[in-house]
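Record features, source Swiss-Prot:
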- Cys60, Cys62, Cys75, Cys78: Zn(2+) 1 binding site (BINDING)
- 185-204: region 'Disordered' (REGION)
- 185-202: compositional bias 'Basic and acidic residues' (COMPBIAS)
- Asp535, Asp537, Asp539: Mg(2+) binding site (BINDING)
- Cys877, Cys954, Cys961, Cys964: Zn(2+) 2 binding site (BINDING)
Amino acid sequence: MSNDSSLGLMQIGLATADQIRGWSYGEVKKPETINYRTLKPEKDGLFCEKIFGPTRDWECYCGKYKRVRYKGIICERCGVEVTRAKVRRERMGHIELAAPVTHIWYFKGVPSRLGYLLDLAPKDLEKVIYFAAYMITSVDEQARHDDLPNLQAAIDREKKQLEDTRDADINAIARDLENDLARVEEEGGKAAEKRKLRDSADRQMANVRKRADREIDYLEKVWDRFKNLKVNDLEGDEALYRQMVDRYGMYFEGSMGAESIKKRLETFDLAAEAEALRETIATGKGQRKTRALKRLKVVNAFLTTDNSPLGMVLDAVPVIPPELRPMVQLDGGRFATSDLNDLYRRVINRNNRLKRLLDLGAPEIIVNNEKRMLQEAVDSLFDNGRRGRPVTGPGNRALKSLSDMLKGKQGRFRQNLLGKRVDYSGRSVIVVGPQLKLHQCGLPKQMALELFKPFVMKRLVDLNHAQNIKSAKRMVERYRPQVWDVLEEVITEHPVLLNRAPTLHRLGIQAFEPQLVEGKAIQLHPLVCGAFNADFDGDQMAVHLPLSPEAQAEARVLMLSSNNILKPSDGKPIALPSQDMIIGLYHLTTVREGWAGEGNTYSSVAEAIMANDSGELHLNAKCKIRLEDFVPYAGWEAPEGWEPGQPAVVETTLGRVLFNETLPEDYPWDENVADKKHLSALVNDLAERYPMTRVAKTLDNLKDAGFHWASRSGVTVAISDIATPPEKPAIMEGYEAQAARIQGQYDKGLIDDDERRSELIDIWSKATDEVAQAMRDNLEPTNTINRMVSSGARGNWMQVRQIAGIRGLVANPKGEIMPRPIKSSYREGLSVLEYFIATHGARKGLADTALRTANSGYLTRRLVDVSQDVIVRESDCQTVRGLTLPLSDITDTGVRTLSEDVENTVHGRVLASAVADENGEVLAEAGADMSDAMIEKLYAAGVDQVRVRSVLTCESAVGVCAACYGRSLATNQLVDIGEAVGIVAAQSIGEPGTQLTMRTFHTGGVASSDGDITQGLPRIQELFEARTPKGVAPISEVAGRIRIEDTDKSLKIVVVPDNGDEEFAYPVLRRAKLLVADGDHVDVGQQLVTGAVDPKEVLRIRGPREAQKHLVDEVQGVYRSQGVGIHDKHVEVIVRQMLRRVTIIESGDTSLLPGELVDNVRFLEANRGAVAEGKRPAAGRPELMGITKASLATDSWLSAASFQETTRVLTQAAMEGKSDPLLGLKENVIIGKLIPAGTGLDRYNSVDVEPTEEAKAQMFTDPSAFADFSYAEENAGGLGSEFQAIPLDDYDFGGN
């Protein structure tokens, strides 16, 4: 990765023919590739060494010059420069075209840029380019105007002449007829014969008239066409055009093909066109105005940049370097070649044939056909299949063109620039390593040796085990004994990165210190499985090796697993004891009545352990034990005279004493049963109180204790543990009677089918719940299944209910709940019919999961793309704005409680304004951090809501500021400058995506209030894409009174505004559930019926702030309904990006165009500038964009092109001559620079390291420490390998 900060911009533009020739090292004239006998490139062909460079390093084509000493010489015999062969990856050639061709991206893209510029419909443009119509490129209006009377007179003369000729011909026919009639009369002919003669004469006359009229009409048509001829007119009638050219060729010019487009562009006045369009926009309406706006964008793009519209027509085509379109020999002597070579060959063949035809002076029709074929060949080279049928190769496969090389997952952007593969990596199956510490992983010896090979070889040479690197390599390959000792030494404190695919969030890659293990499997610490979502059923993981000292320091400080205990999405611990460990700790901390040793008192823990060993005291029996270093817990009643720090006699169990020994010494005594919930709260509390190293140590202790006691808990499962409740038959009987009654009412026609279904579902749901409760009551506390589920180690009550109680209601393939339940449990066994209906749900579940994974992955990708440039750029933007969030809720019974979502709304933020109690005493200043303690304090003081900073109100010009973001949830500290909070937000929202359901829940086919409520993942996508939901619920546009109009045909809600304006009527479906009644008063933006609201309507009626709130609340509603906790700030980051743009309505005196989408910051800047100069500011409307659209609308063309619609983005960017400011992450990854986030920021890189006094003293006293150290260039990267990574927290880098 280069860290060249001089590269500040990346510009794209239209290449002119001269630029293409400037890039080129020579013209490719022949379609040949390589000689079939010598296998060497053909001269002037597509692989020519003279143009592209030698195929062998330092060797010319003919072999006259070999070796590096001739570097730079151009061989006089073969013309090849003696240089490295790798120049064949860089040097371009070109094809000089015999006729210009248009660039298909600008003509065929949507919208057609050429069409907009020339004001031609794409259909007409196509006719011109592909030689189906002539285009008038210039008209000499003045000359035509001057000569019009003469030309009119000439036409009139010609018409008169035609009329005279017609009349003369008719008279001649009439004379002949008279003569013939007279002759027939003389001969005594019959009347029939005369009639025949007359008819024949009439026919002749009619033909003469018709022919003459046709000629006169044609003449008039030619004249009218010429008289009204203007530039840009098309003429598809070849004969008519020829006639015009013959008669009036000196007054106009016209042509076909790309040449006519080129001529037109050469004379095109951009400034005049822009002025005319602005005029149209100011005065026009409707369709005309819209089209003028769109055209102005294109015209303006050429006016305001150095781009020339002529760049859209090509006179030369660049030929990319041969190594990028290689030709390789296969085993059978055949060749595999890149499709581009075929496409280039077609272009060269057609171009050469066209040159030959032009030299021969071939007829125009043949030349035009060849030009059309050349145009098509260049089209298919640039974008095969964009127009007409694609060019296919063998097996009818469409060939991959230059556009296809960039597009899609396999394209250049996503495959090579954003998805590079790395060396120093390996992968293997994972197995559990319960003996490891949290920061360790077990690395198989062979794998470690391969990964650390260069380090081992260097060390072998340093220790004189080998004379040189070559012999060291041989030693490593032969697994000599010394190698293993050196390997042990080399891997000490050199972290490795472990990664498990799919990497859904940043905890999917973590650093560990490797421990060498036998076998071929990587050993993974059991507590990090949650973060990786790993299990040991055959999962594989990849290992990567950070090489440079900087990379190692980053891995150790930022990525070490013991520093990543908290989840970035909600700040909860993710390294939690699970399964076996929970069972062990639960077993350890439960209390049992009547066990051995109950009520005894012991003088010390040691004595109690001894009693346990001898069988006198059971682990779970209540007893009194004298404890040293006892830290009391809340609610412990201290005996009289007891002082903190003194020993205390505590009533507890030996198990709980052992459990507390795993916790830090100064942690309050824990007298609770250690189930999953309690352990989570415990680790959460530890993370709040102690540094991460201490928490990691405690977690390891808990893990060891958990495994140890799990193996002694005797948890097994037997069929006898699955006890069906004896009350089940009686319960079922009662509910069956109710169901029969409902069925009877239906049979009699008292209720309809929907009511029957809903009643039955209700009845059987109650029955299921009652059986489940009976089953739970029936289970003994010692029952192992009960212990497993109660402790949270495995399974849930629903699963137990299905095994031991009742299977209950299931869904059919449509997703509707069937009103017939499965009455058996798995323990009792299902009947055939029950088994059959149960299979539907199971199959749908599996299909669902597969779909969900793909959809969730795509959602994450779009979220990352839209938010990747949201980086913390400054410590405080000094804004006074913020959000008001509730601290407390009032329950249904009227009791005030702490808001249940406070952890994911207020926690971890910064106060925007000071908080005072009722007496006006300030409890917290603005800028205070909302920690758990602070929230408790404010709640206790009776504060019900607080104003906090939020990224939604942040005023940083680029990225966001640390104060508006608040705490980084992963570290529990205020977020660092440089933190990529956008990507963290995207990962936090995308990672639980797979847990969300795909279905739209059906309430058993019952017509619910608003059809089927879209839930789960589809709802999240609908919100983030800002789509109008299906069956949208209306919201009131004004404040007023409700009047409900219920007619036979429809149901309408009418709002009568308070201010007496026109009424608003909202037609609603009959089955919709109304939220308002007749006569109610509604406020602006109040929802009128249940259902999903259109966020665009919320924005229009209630404004951006309410739209943001609505989106955040709706997204959180979906996640909370699934029991997934995500902090609001992550959703806010995404919503901020969706509402970042403004559509310009009035441009005022600014440079902004009406209808243009601009960034809020740019809009405000332009307006400030205009107001400062006393000009009119622009007016704009905030725009809510879906995440896909917002990603494509980013200022960075590199980022947008690598996301979706690559060709469209590049076409637009090149036309506008866009510059990419390289502020986001993707752009910098693409061009190979360090990302401007985290440790890639300049402030962390421009640091001078100076040795301290101690280090200097060490240098003089112990030369060995700095044996390899020099201030020479090669060691500028950092100190030698003996030095450990230094925690970056100890340094003050200035600025925060």
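Going from the start of the chain as shown, residues are counted 1 onward.
Placement of Cβ uses the backbone N, Cα and C atoms for every residue, glycine included.
Residue environment of Asp535 (Mg(2+) binding site) contains 11 other Cβ atoms, counted within 10 Å of its Cβ in all protein chains.
For Cys954 (Zn(2+) 2 binding site), the nearest neighbour among the binding-site residues Cys62, Cys78, Asp535, Asp537, judged by Cα separation, is Asp535.
Put simply, Asp535 (Mg(2+) binding site) is 62 Å from Cys62 (Zn(2+) 1 binding site) when counted between their Cα atoms. Rounded to the nearest whole angstrom, the C-alpha distance between Cys78 (Zn(2+) 1 binding site) and Asp539 (Mg(2+) binding site) is 58. Looking only at Cα atoms, Cys60 (Zn(2+) 1 binding site) sits nearest to Asp539 among the binding-site residues Asp537, Asp539, Cys961, Cys964.
Within the group of binding-site residues (Asp537, Asp539), the Cβ with the highest number of other Cβ atoms inside 10 Å belongs to Asp539. For Cys954 (Zn(2+) 2 binding site), other Cβ atoms within 10 Å of its Cβ number 25. The Cβ of Cys961 (Zn(2+) 2 binding site) lies under 8 Å from the Cβ of Val872, Arg873, Glu874, Ser875, Asp876, Cys877, Cys954, each of these being in the same chain and 6 or more residues away along the sequence. Cα of Asp539 (Mg(2+) binding site) to Cα of Cys964 (Zn(2+) 2 binding site): a span of 40 Å.
Straight-line distance linking the Cα atoms of Cys964 (Zn(2+) 2 binding site) and Asp535 (Mg(2+) binding site), rounded to a whole number, equals 38 Å. Of all the binding-site residues listed here (Cys60, Cys78), the one with the fewest other CB atoms within 10 A of its own CB is Cys78.
It is Cys62, among the binding-site residues Cys62, Cys75, Cys877, Cys964, whose Cβ has the fewest other Cβ atoms within 10 Å in the structure shown.
Taking the mean position of the Cβ atoms of Cys877, Cys954, Cys961, Cys964 as the Zn(2+) 2 site, the remaining residues of that chain whose Cβ falls within 8 Å of it are Glu874, Asp876, Thr879, Arg949, Val951, Thr953, Glu955, Ser956, Val960, Ala962, Ala963, Tyr965. Secondary structure at Cys964 (Zn(2+) 2 binding site), as computed by DSSP, is helix. Annotation note: Cys60 (Zn(2+) 1 binding site) sits in a coil segment as assigned by DSSP. The DSSP breakdown of the compositional bias 'Basic and acidic residues' (185-202), given as helix, strand and coil counts, is 14 helix, 0 strand, 4 coil. Calculated from their C-alpha atoms, the gap between Cys75 (Zn(2+) 1 binding site) and Asp537 (Mg(2+) binding site) amounts to 64 Å. Apart from Cys60, Cys62, Cys75, Cys78, the residues listed for Zn(2+) 1, the same chain places the Cβ atoms of Tyr61, Gly63, Lys64, Tyr65, Glu76, Arg77, Gly79, Val80 within 8 Å of the centroid of those Cβ atoms.
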